[in-house]
Amino acid sequence: MTVISVHIKCAPAHYLSPHVCWHNGAVPGEPVKKDENSRRGNWGNQIEFVLTSVGYAVGLGNVWRFPYLCYRNGGGAFMFPYFIMLVFCGIPLFFLELSFGQFTSLGCLGVWKVSPMFKGVGYGMMVVSTYIGIYYNVVICIAFYYFFMSMTNLLPWTYCNNPWNTPDCTGVLGTSRANTTFANVSAVMSGLTEIVNRTKRTSPSEEYWRNYVLNISDGIGNFGEVRLPILGCLAVSWVVVFLCLIRGVKSSGKVVYFTATFPYVVLTILFIRGITLEGAVSGIKYYLTPQWEKILDAKVWGDAASQIFYSLGCAWGGLITMASYNKFHNNCFRDSIIISVTNCGTSVYAGFVIFSILGFMAHHLGVDVSEVADHGPGLAFVAYPEALTLLPISPLWSLLFFFMLILLGLGTQFCLLETLVTAVVDEIGTDWIIKNKTYVTLGVAIIGFLLGVPLTTQAGIYWLLLIYIQKKLIMVTTTIFLKNYLVLALKYVSPTPKQLINRFLPLQRLKNSVKPDPDWGPALQEHRKGRYATTGPESVEVCPLKEDLKDEGKEKLKETEDEIGLTIPGSNGSTLNPSPSA
């Protein structure tokens with residue numbers, strides 16, 4: 001018999017507990033990282049959570065909504081109510097949602113075990129995330145389309161001599177692309193200025209957007225045909241989102257190292273290019289010049305509050321979901337301040353990038369900056385692309401701009417999809433659904449793609465705006481319904497309030513609905529202390545998956561000595577015990 005002794009080096013007891021052995025090719029001296037919550041998983045490290053949350057909060061609205069709100073509501077004076085709302089409303093609510101998710105390690109549905117009566121709020125978050133996820137990916141797919149169309153020597157929205165242009169089209173570079181010089185451009189500026197002042201000019205970028213990219217129909221009921229290029233880009237968008245979330249936060253946490261940081265590189269490049277252009281200073285002045293009298297307008301404060309809530313993504317369920325993958329003792333208060341301040345700082349910084357280019361464009365047209373300023377899709381797909389045609393090597397700047405929009409959109413879309421998937425997985429909670437979470441992600445992505453197909457038709461832009469409006473109306477409608485339910489019932493259903501309560505709201509059921517579930521609290525037993533400590537049959541412990549139990553069982557069977565001998569009988573019946581160095 002021949003004996004072969006295999007020696008496996010194990011970590012010392014003080015380094016890892018229980019002992020974790022290194023196998024083929026592992027680097028000695030480095031501990032093997034294990035998730036604190038082995039059943040559900042955690043972020044690889046805290047940087048991944050911060051970057052993901054920054055990518056979620058910093059989205060398209062920071063680029064196309066905040067700069068417009070700022071100049072419309074008093075320029076630099078708008079910063080005062082904006083940061084007041086950030087300090088007293090934004091950061092506290094942001095911290096609340098992070099704490100909520102991190103404490104329970106549950107998504108936007110599971111956290112309402114604290115008071116089951118309000119679980120409908122969780123479903124409302126899912127509905128909002130669904131609405132936003134559908135139209136957000138359509139916007140991303142259009143950015144993909146513009147990105148692909150920028151891969152050319154001449155941007156297709158530069159001139160007015162295309163089949164989709166109308167006689168009303170007036171380009172800032174004339175109608176011919178042959179031998180156009182700066183002198184020629186200057187010569188026609190006076191004529192263009194007269195046209196702009198006389199009528200509302202139709203730019204080649206606007207006609208490219210309306211007549212070619214969207215090919216808009218005459219009404220919301222006339223769907224027309226599916227725009228196949230947009231449909232293809234929509235498929236690309238959903239495939240990218242799915243692949244980045246194929247392993248949940250384990251894969252998306254790696255992707256955000258690029259998607260959350262590179263937009264700042266592009267912003268900086270565009271900012272440096274923008275401030276070197278003629279007229280950029282006037283654009284920035286228009287953006288920042290304070291109009292202090294507007295601070296007394298309640299609408300300005302309302303816009304500041306809505307922008308804070310919209311930009312930070314509060315009440316969408318994404319913050320709760322992302323924080324639920326944190327370790328229990330993570331400093332989420334620090335994270336909430338870092339992420340919130342970064343988000344608002346990005347909005348202000350993006351304003352410089354946008355208005356430096358718009359100031360340059362207004363200077364060339366000889367008009368006020370307000371004539372070319374826009375917001376929403378009009379800024380991203382009409383005003384800014386037209387301004388880029390005035391720059392040398394315009395396709396390069398267009399590629400950078402739309403690539404930045406794609407990354408900003410994807411950062412938010414990752415969290416929107418993960419919010420829905422996590423809510424479903426947590427609600428079902430079986431070992432099978434947790435093990436096969438990838439299939440849930442795939443299913444949600446396919447459903448999202450199918451729901452987005454009508455938005456790629458010729459009437460898609462109408463439905464896109466309708467979805468956006470409906471998303472805002474959901475919360476308002478719910479509030480009004482809750483406020484007046486009781487009044488209508490008292491008037492038409494029951495003659496006395498006591499009968500109404502007995503019929504619709506049994507007292508005991510009402511009491512139970514506002515009490516926390518027995519398993520409300522930290523997910524892991526080791527963290528359930530004080531008021532959340534449970535003993536006996538009511539003990540709550542999140543059980544690991546069956547595969548993890550098998551692995552733990554195998555580890556317990558191993559010897560805890562530094563060297564383990566494995567004896568294998570040989571064919572000749574002898575034994576051999578080589579030394580550890582053998």
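Cβ coordinates are placed from backbone N, Cα and C, and glycine is handled just like the others.
Those TrEMBL annotations? Automatic predictions, nothing curated.
As recorded in TrEMBL:
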- 569-582: compositional bias 'Polar residues' (COMPBIAS)
- Cys160-Cys169: disulfide bond (DISULFID)
- 551-582: region 'Disordered' (REGION)
- 49-67: transmembrane segment (TRANSMEM)
- 79-100: transmembrane segment (TRANSMEM)
- 121-148: transmembrane segment (TRANSMEM)
- 228-249: transmembrane segment (TRANSMEM)
- 261-288: transmembrane segment (TRANSMEM)
- 308-325: transmembrane segment (TRANSMEM)
- 337-362: transmembrane segment (TRANSMEM)
- 396-417: transmembrane segment (TRANSMEM)
- 438-455: transmembrane segment (TRANSMEM)
Per the Cβ under 8 Å criterion, with at least 6 residues separating them from its ends, the transmembrane segment (228-249) contacts 41-43, 48, 52, 137-138, 140-142, 144-145, 148, 213-214, 255, 322, 325, 410, 413-414, 417-418, 421, 437-438, 441-442, 445-446, 448-449, 452-453, 456, 460
Validating a neighbour-count step here. Other CB atoms within 10 A of the CB of Cys169 (disulfide bond): how many? 21
Which residues of the chain, 6 or more past the ends of the transmembrane segment (79-100), have a CB below 8 A from one of its CBs? 70, 111, 295, 300-301, 304-305, 307-309, 312, 314-315, 319-320, 323, 326, 332-333, 335-337, 339-341, 344, 348
Is the transmembrane segment (337-362) in contact with the transmembrane segment (49-67), using at least 3 Cβ pairs under 8 Å (sequence separation of 6 or more) as the test? yes
Six or more residues beyond either end and a Cβ under 8 Å away: which residues meet both conditions relative to the transmembrane segment (121-148)? 60, 108-112, 213, 229-230, 233-234, 236-238, 241, 315-318, 320, 377, 380-381, 385, 398-399, 402-403, 405-406, 409-410, 412-413, 416-417, 419-420, 423, 448, 451-452, 455-456, 460, 464, 467-468, 470-471, 474-475, 478
Cβ under 8 Å to the transmembrane segment (337-362), counting only same-chain residues 6 or more beyond its ends: which ones? 50, 53-54, 57-58, 62-63, 66-67, 70-71, 79, 82-83, 86, 90-91, 94, 172, 264, 267, 270-271, 274-275, 277-287, 307-308, 311-312, 368-369, 371-373, 379, 383-384, 386-388, 390
